[in-house]
Amino acid sequence: MDPVVEVVALFLGFLGWVMVGITIPNRYWKVSTVDGNVITTSTIYENLWMSCATDSTGVHNCREFPSLLALSGYVQASRALMIASVVMGAFGIVATMIGMQCCRVGGENLTMKGRLAGTGGAFFLLQGLCTMISVSWYAFNITQVFFDPLYPGTKYELGEALYIGWCSAILAICGGSCLLCASHLPYPYRNTNGTVYSLGAQSQRKTGSTYDKNAYV
């Protein structure tokens, strides 16, 4: 595996993980729409944990959701998926850092390091999928209500947190895919003299040397 690919993939996964941490506490998952309203005296915005309102004077009031079981099913599922995304990302960062060739932790076994890096890529991929499913599911419910002409309640639009979540998912998926694809490439082989060969070059060298001995016989 190319060390540059490892570093780039780790950077993408770590950046996606940080953006997940920004997305979860962000209050603007959905914002009340002003479409069709001539006079707007207050704006309502929500995330997975609380609902807030601000009036024309700029005063903000927030309250946490009083009951978990009273929430909609997609909100509960989004909570679980986002928490799972944070956990998967943390595992991915640790596994990838240990599996990197420049890291001394884990010994000099390059095959084992390659497997650890591939495992880290799988964790990053799961992180991105969890985030993507959570954010997309939440956005789907917002748009479904928005375009329902018979819905009598407050309609909402997509908030900035959803876009951050989508960017986070794309970065994590790209980083995980790079690690998974690169983990199948042959690692360099270091002999006792310190010369580095790839596994393919090593096998060709052995085949060539055997052929030369047979030729002399």
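Each residue, glycine too, has its Cβ placed from N, Cα and C.
Taken straight from TrEMBL:
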| type | residues | note |
| --- | --- | --- |
| TRANSMEM | 7-24 | transmembrane segment |
| TRANSMEM | 80-100 | transmembrane segment |
| TRANSMEM | 121-140 | transmembrane segment |
| TRANSMEM | 160-182 | transmembrane segment |
Please work out which recorded stretch in 7-24, 121-140, 160-182 has the most C-beta pairs separated by under 8 angstroms from the transmembrane segment (80-100)?
121-140
List, by number or range, the same-chain residues at least 6 past the transmembrane segment (7-24) whose CB is under 8 A from its CB atoms?
47-48, 82, 85-86, 89-90, 92-93, 96-97, 100, 120-121, 124, 127-128, 131, 135, 161, 164-165, 167-172, 174-176, 178-179, 182
